[in-house]
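Chemist: Annotations per TrEMBL:
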{"type": "DOMAIN", "residues": "14-81", "note": "domain 'Histone-binding protein RBBP4-like N-terminal'"}
{"type": "REGION", "residues": "207-244", "note": "region 'Disordered'"}
{"type": "COMPBIAS", "residues": "211-227", "note": "compositional bias 'Polar residues'"}
{"type": "REPEAT", "residues": "246-288", "note": "repeat 'WD'"}
């Protein structure tokens, strides 16, 4: 048993060494940045600057700690070298333990719990949503949030908005709509929940430079903030309820995704091995349900942005489903 494990480790090391030797052939440019803590989620943000030889890009990543310091959501700026600029000898050798000069931490948010998922809002580049081990979705304005120092005992940062509606933990399934400021989530309560960020009383989801709203965008909007005068407790985050809750799964919902061209159509997969397509215009029941889309738990789903008739699902293997004929 031990010999087999050692052989497997050697095989992994050999493949890594082979890959490392091929870096100059495979990539036009590569930068590695060693982290102190593992990261459960990492996402590109907007492009911040375009220069002659490199671009500056926003980067979001999480830090899952061991409890000695708080879990964090990190906002970083990354310099990405343009094609045909870097010399092969510059990327052929790198130190796995080093930190890259191309990645610079911009801000740290002390997150209430570990960050399982990060998703950015297409309609406003400064807004991101996170999933943790709770029923709520947390919304953050990364520009407005104060920069925090993650030390033991530090209070959690306060989300700019909390989306409520799940009855049990919603840890992983999270998506943002490409056409409207909508958020979609799935959880252990076997439900898919839909929100509109515009239902908040503020202009959190408004595009940069647009006028701020002074009225609530939805009847289910709830402002949970308390006064923050001298001697008062810290302000609580405002929260909004769901626009819709969709029931059809019989186990944990593991992933969700919007149709690239419609805010009313979305899909979900779960531990019940089902792929379900939803249309918010036709109620809270499935529009199409594919039973036993796999023979095991389904962990991920994606909707083809170039051909909306194609959906990709995955567990141990990947399947492609065509919507033509459904």
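Every residue gets a Cβ built from N, Cα and C, even glycine.
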Chemist: The repeat 'WD' (246-288): mean pLDDT?
Modeler: 97
Chemist: Per DSSP, what is the residue tally for the domain 'Histone-binding protein RBBP4-like N-terminal' (14-81) in helix, strand and coil?
Modeler: 12 helix, 29 strand, 27 coil
Chemist: Determine how many residues of the repeat 'WD' (246-288) DSSP places in helix, in strand and in coil.
Modeler: 3 helix, 24 strand, 16 coil
